[in-house]
Amino acid sequence: MIDTSEKTSVLAKVIVVRDDIVTFELQEEGERHGIMKNEVVFIRPSSNPAERLQAEVLRIRGREADAQVFEDTRGIAIGDAVELSSQLLSVALGPGLLSQVYDGLQNPLENLAVLHGFFLPRGTAVDGLDPNKRWKFTPTAKIGDVLRAGDVLGSVQEDRFTHKIFVPFDMVGEVTVDWVQVGNFTVNDPIARVVESDGRERTLTMTMHWPVRRPIPAALLRRRSSMRLYPEEPMVTSLRLVDTFFPVARGGTACIPGPFGAGKTILQHLISRYSAVDVVIVIACGERAGEVVETITEFPNLIDPHTGGSLMDRTIIICNTSSMPVAAREASIYTGVTLGEYYRQMGFHVLIIADSTSRWAQAMRETSGRLEEIPGEEAFPAYLDSSVRGIYERAGVIRTNDGSVGSLTMIGTVSPAGGNFEEPVTQSTMRTVKTFLGLSSERAYKRFYPAVDPSLSWSRYREQLRDWFDREMDPDWTQRVERMLRLLQRGNEVAHMMQVTGEEGISLEDYLDYQRATFVDMVYLQQDAFDDVDASSSLARQKVTFAMVAEVVAHEPNLADKDAVRKLFTRLTGLFKNFNYAAETSPDFKRYRAEIKALLGG
Ligand code: ADP
Ligand code: MG
């Protein structure tokens, strides 16, 4: 949300209203004041002067500007007053963000209100950070310290997280700490005063406002007070199919495209629940209002497998439904990413999941249409590609000035109409991300979950993280994984042949490969989200399981016919599934392992 405490004044008047785009003309005073792209303005409808409708400037032409209104535009009339704020669309950063549910403009939403569809009344904004809550601030900076933007002043304890309080990221040059205090404060109380190089004093609170469309570390990187590092570790999701075959790096990017109902939302929930990260930000741009409601009712009831507490303690949810104004939906993704960058700057591993980026792109398309911009493919704006890239590029690993390393991993779903991956949003996303987890309706239809299709999916991190995996898992892990992928491919080919010729038309050797590939699919790619043990498989367990699977597929059974081969693999599959359901500490774990070995004649 925007800091409205600064005085705004009426400097322009509405001249055109078209859906949620309002064109206004600067008055004489307004021209002297000037206007910026992405500046926030407030429209004061003459029909109800108490309302202040927030809008963002998208385009400026001389004295005229077009702004997208974040609210319902009913009742806005020609001649209505427009106030300029001199501020870009911003979020409030400070303690108390975690476990909040926000709308796209960082207005906190009470769960109940969302459940009943009571969004905020038009024209109201609520503080993104609770103005009354007190936090115990412990300074680390001392009087006389010389600091720069992004340096740490001190910290507060936000639940189990040490939340660092920074010198504002936009501070220019060096500042000297003049005064700093310890104690319990609200986010708006002064906690320190610094003197800038030109002698000006500035009082600091625990809150800072940051424009959502501007990456937090950009200036810090330029000044070398933060450094971008190459992602060199996986973000362990505990999903075998992802971690083993299509890994995502910590600080990396991935997308999950798939047709409606293929399991994108459920897969994202599994990833956000089990992944080894500190903070999760869920940006829900739902296809249906119900889907968003599911997200916010489900998360508080889910247990964080890493702490045993509520999953919500480490989560921020930004939610929009298709019934909210498109402009707020378009902004929500930037709001979420900015909050993620803020926690990364503290040295946390952050995961952002956006579901679905297609809805976000559609909001952009609607706005672009109303601005009568020259359309690109399927009427998406010509800048679709660069907008998609702009979002995913905000992922990455950062080392901050105090030596902490944080990461921001970004995973978005794409929901192409009819599951057609040729459409522009899927294509733009594919060109940007480094892991592609393509879901197919055939697999979902067969209830092969997660319905990630290995023949559509890829990960550039398999190569990029080769050293890590070969060191941590097995000296030739990557090579063995690639061999397994070739077997899956081979299984597909045989399956296609069988469709043409029937089972009789293929050799015993081909049939054996087909059975081997099906076995890998059934017991390794597929994973039961509803089983407490199978839902999450640690890397250590993946290593053991993979070795056993490899043993099975390397086995050359001495069997006379296809019937015998099928029978063997049916038994192996059954035993292996039971093995997957057995906790590592249980006697069953050892027992099934021994039975599988015995079946192989070992
Ligand atoms: P999408 O977001 O792609 O439209 P969902 O994630 O909402 O699809 O999944 C649709 C349905 O598919 C779910 O309601 C559930 O019945 C089933 N499903 C998806 N993933 C799984 C899974 N991992 N395990 C079991 N069922 C699943
Ligand atoms: Mg969904």
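Counting begins at 1 with the first residue displayed.
Even glycines carry a Cβ here, placed using N, Cα and C.
Here is what TrEMBL records for this protein:
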{"type": "DOMAIN", "residues": "51-83", "note": "domain 'ATPase F1/V1/A1 complex alpha/beta subunit N-terminal'"}
{"type": "DOMAIN", "residues": "127-213", "note": "domain 'ATPsynthase alpha/beta subunit barrel-sandwich'"}
{"type": "DOMAIN", "residues": "239-459", "note": "domain 'ATPase F1/V1/A1 complex alpha/beta subunit nucleotide-binding'"}
{"type": "BINDING", "residues": "Gly258, Pro259, Phe260, Gly261, Ala262, Gly263, Lys264, Thr265", "note": "ATP binding site"}
{"type": "DOMAIN", "residues": "467-548", "note": "domain 'ATP synthase A/B type C-terminal'"}
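Only Lys264, Thr265 of the binding-site residues listed as Gly263, Lys264, Thr265 bring a Cβ under 6 Å of any atom of ligand 2; the order follows the sequence.
With respect to Cβ neighbours within 10 Å, the binding-site residues Gly258, Pro259 differ, and Pro259 shows the lowest count. Across the candidate stretches 51-83, 127-213, 239-459, the maximum count of CB pairs under 8 A to the domain 'ATP synthase A/B type C-terminal' (467-548) is reached by 239-459. When Cβ-Cβ distances below 8 Å are used as the criterion, the domain 'ATPase F1/V1/A1 complex alpha/beta subunit N-terminal' (51-83) is approached by residues 2, 8-17, 19-26, 30-31, 35-45, 89, 104-105, 122-123, 125, 325-328, 330-331, 367, 371 of the same chain, each at least six residues removed from its ends. All protein chains shown were included, and the count of other CB atoms within 10 Å of the CB of Gly261 (ATP binding site) stands at 14. In the three-state DSSP assignment, the secondary structure recorded for Lys264 (ATP binding site) is helix. Candidate binding-site residues: Phe260, Ala262, Gly263, Thr265. Fewest other C-beta atoms within 10 angstroms, Phe260. Taking Gly258, Pro259, Phe260 as the candidate binding-site residues, the subset whose CB lies under 6 angstroms from any atom of ligand 1 consists of Gly258, Phe260. Under DSSP, the residues of the domain 'ATPase F1/V1/A1 complex alpha/beta subunit N-terminal' (51-83) split into helix, strand and coil as follows: 0 helix, 18 strand, 15 coil. Sitting within 8 Å of the Cβ centre of Gly258, Pro259, Phe260, Gly261, Ala262, Gly263, Lys264, Thr265, and not among those site residues for ATP, are the Cβ atoms of Ser415, Leu439, Ser441, Ala444, Ala451.
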